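Below is one structure; the comments refer to it alone.
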Amino acid sequence: MRKQGVHLEECKSVTPPYLRQYEHTRRYNQMQPHNREPMWKLKRLHHYLKNVHFKNNLDDEIFFNENRDLNTGYIIINLVHLPNGVLHREIVGSYNPYASQGQNFIINEKAIVWESTFTQTPPQAKCSESCPPGFRKLTRESEPICCFDCVPCPQGEISNQSDMDNCVKCREDHWPNHKRDTCIPKLIIFLSYEEALGIALTTSSIFFSLINAIILGIFIHYRDTPIVRANNRNISYILLISLMICFLCSLMFIGRPEPVTCILRHTTFGMTFSISLSSILAKTITVVMAFHATKPGSKLRKWMGSRISYTIILSCSLVQFILCLIWLFSAPPFPYHNMQSEIGAILIECNEGSVIAFYCVLGFLGFLASISFITAFLSRNLPDSFNEAKYITFSMLVFCSVWITFIPTYLSTRGKYMVAVEIFAIQASSAGLLGCIFMSKCRIILIRPDMNSRKSVTKNN
């Protein structure tokens, strides 16, 4: 006889559907001590078993399919205990694997007789109720697998079928609906012209631009009057035009961000503000130089004139222009779809590109504002003929206060409100410059023309 280990090795090569037949054969061989060899070889047995095909007494075809499983139908029998104690078998349904879809399983529910002890008919052979879409099954510990709890799908996931074991995560640009059974596109968010906040900011931008244009028109119409001529008329024109562009450039911050608008909104803002601040700086330096040039023997007289003012404006604007060029060629601003800022929404915003370049542009504006404020503050006590420094001091104080407040507010807000804060800072600082420097002059020109004379302008303390 062969050792048991040999038989185990032989069994490893036998496929499970035929293992029982092989075991019967092995035992039969062991019952024949005189016969040391099996009745047939295993490979031959496989061949015949795989090709078995016959009909049984119920006229069912018996054969093995490609998966080595028996493909056969079934009848469903209902066992009924009759009053006389006889057990009656009633055929109530059938399963035919060869029938078409929908006809392979047939059951006659009306023919089924349930036990009278059942409290629910038909009885439910399950521990837990089915989990609807939007939920997943959570198996209870130490209980059968049919016992589970239904838990809602976590945030960002759905289940679109009943009794799902796991929820499916939505795509990054999609989000579950309130039932969490379907993924829907995320809501697109940006500061638009149609919403109330966008309408308010657009209205204020246009309003301040019109006020700016009216003041510019007044200065052009009364260009030969003493008060306009005494305050460096051409520099005032440049300042008014640059402030008007500052008001209008805030409109580029509203609406869906595009590659062009993202580039223009920051560079235009940086350039126009640098022109405005450099014009104010030129005005302040001109006031200081004009006062000291009147002293006997002063060497500043040869520097007097419009040349020094234009040089300051061009030099400061050129520095800002170079910074903007470096910014655009290194890492320009671009539209960015922020999908993490708000739940269930995509925030379309302008990414600064190079954060260093962005803060360099803002830093240069802060530098110009600081120099203008210090210069104007030191010259605030000059005679009345040069008293524009007082208005410049106050205007720069307003300007610096707005932007110092802007930085923490901007960093603490999210979404479209960041853009709204930026627009508010642009308009508030521009309006501060416009009102503090020009409103008093317009009041004299329009309401107090008697003060718009050479005698009043040149009057000293």
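Note that Cβ sites are derived from N, Cα and C of the backbone, with glycine treated the same way.
As recorded in TrEMBL:
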DOMAIN    197-461  domain 'G-protein coupled receptors family 3 profile'
TRANSMEM  196-222  transmembrane segment
TRANSMEM  234-255  transmembrane segment
TRANSMEM  267-291  transmembrane segment
TRANSMEM  312-330  transmembrane segment
TRANSMEM  356-379  transmembrane segment
TRANSMEM  391-411  transmembrane segment
TRANSMEM  417-438  transmembrane segment
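Taken as a whole, the domain 'G-protein coupled receptors family 3 profile' (197-461) shows an average pLDDT of 84 in this prediction.
417-438 is the stretch from 196-222, 234-255, 356-379, 417-438 with the greatest number of Cβ pairs below 8 Å to the transmembrane segment (391-411). In this chain, the transmembrane segment (417-438) lies in contact with the transmembrane segment (196-222); the count of Cβ pairs under 8 Å, excluding pairs fewer than 6 apart in sequence, is at least 3. It is 234-255 that, among the stretches 234-255, 312-330, 356-379, forms the most Cβ pairs under 8 Å with the transmembrane segment (417-438).
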